[in-house]
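A.B. asks: Before I ask anything, here is the structure I am working with.
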Amino acid sequence: VLSPADKSNVKAAWGKVGGHAGDYGAEALERMFLSFPTTKTYFPHFDLSHGSAQVKGHGKKVADALTNAVAHVDDMPNALSALSDLHAHKLRVDPVNFKLLSHCLLVTLAAHHPADFTPAVHASLDKFLASVSTVLTSKYR
C-alpha cells in the first residue's frame, strides 16, 4: 500500500520525467530486451534494434500508462482496467515480465536523475511499480 509520502515521491519523480517519458519507456524496454532476452518472445513482429520506431512507440504506450497510473494513484484498478484486460486475456503476458520491466524502469530513471533518485524515492517508485504490476495481473485469475 502506498503511503501519502510514497504518493508524493512518485508524483514528484514522475513530474521530473516530463516530456522524456516516452524516451525513458523505450530505453527501459531496450534494457529489458538486452538483459532478459526471453521477453523478446512477446514482440516477434517488432524490429527490436536500438532506436526502432516500434520500440519507441511501445515505450510511449508504457510511459502513457504510467502517467495515467500516477494521475489516478488512488484508483489504479479502474484507471488501468482496460490495460489489465488486454495483458491478461489477449496478450497473455507472463506476470514476471512486469517485474522485469519495472526493474529496468528504475534503472533508467536512476541513470537519468541520479540526484533525485534518493533511497526514499527509489523505495516509493518500487512500491508504485509493484502496485501497477499487481493491478495489471489482477485479471489473470
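Yeah, the Cβs are placed from backbone N, Cα and C, and that goes for glycine too.
Residues or ranges marked as domain 'Globin' by Swiss-Prot: 1-141. Here Swiss-Prot flags Ser3, Ser35, Ser102, Ser131, Ser138 (among others) as phosphoserine. What Swiss-Prot records for Lys7, Lys16, Lys40 (among others) is N6-succinyllysine, and it gives similarity to another entry as the kind of evidence. Residues or ranges marked as N6-acetyllysine in Swiss-Prot: Lys16. If you look up Swiss-Prot, you'll see Tyr24 marked as phosphotyrosine, on the strength of similarity to another entry. Taken from Swiss-Prot, the feature O2 binding site covers His58, and the record attributes it to sequence analysis. Look at Swiss-Prot and you will find His87 tagged as heme b binding site, backed by sequence analysis. The phosphothreonine annotation in Swiss-Prot covers Thr134, Thr137 (among others) and rests on similarity to another entry.
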A.B. asks: Report the nearest neighbour of Lys40 (N6-succinyllysine) in space among the modified residues Ser3, Lys7, Tyr24, Ser102, Ser131, comparing Cα positions.
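C.D. replies: Given the candidates Ser3, Lys7, Tyr24, Ser102, Ser131, the nearest one is Ser102.
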A.B. asks: Specify the nearest of the recorded positions Ser3, Lys16, Ser35, His87 to Thr134 (phosphothreonine), where nearness means the distance between Cα atoms.
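C.D. replies: Checked the recorded positions Ser3, Lys16, Ser35, His87; minimum Cα distance to Thr134 (phosphothreonine) goes to His87.
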A.B. asks: Just to verify a number: CA distance, the residue listed as 'N6-acetyllysine' to Tyr24 (phosphotyrosine), in angstrom, no decimals.
C.D. replies: 12
A.B. asks: Under 8 Å Cβ-Cβ from the residue listed as 'phosphotyrosine', six or more apart in the same chain: what's there?
C.D. replies: Val17, Gly59, Ala63, Leu105, Thr108, Leu109, His112
A.B. asks: Compile a sequence-ordered list of residues in the same chain as Ser131 (phosphoserine), six or more apart from it, whose Cβ lies below 8 A from its Cβ; state 'none' when nothing qualifies.
C.D. replies: Leu2, Met76
A.B. asks: Just give me the nearest neighbour of the residue listed as 'O2 binding site' among the recorded positions Ser3, His87, Thr137, Cα to Cα.
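C.D. replies: Spatially nearest to the residue listed as 'O2 binding site' by Cα position is His87.
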A.B. asks: Can you figure out which of His87, Ser102, Thr137, Ser138 (the recorded positions) comes closest in space to Lys7 (N6-succinyllysine), comparing Cα atoms?
C.D. replies: Ser102
A.B. asks: Of these recorded positions, Lys40, His58, His87, which scores lowest on Cβ atoms within 10 Å?
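C.D. replies: Comparing Cβ neighbour counts within 10 Å for the recorded positions Lys40, His58, His87 gives Lys40.
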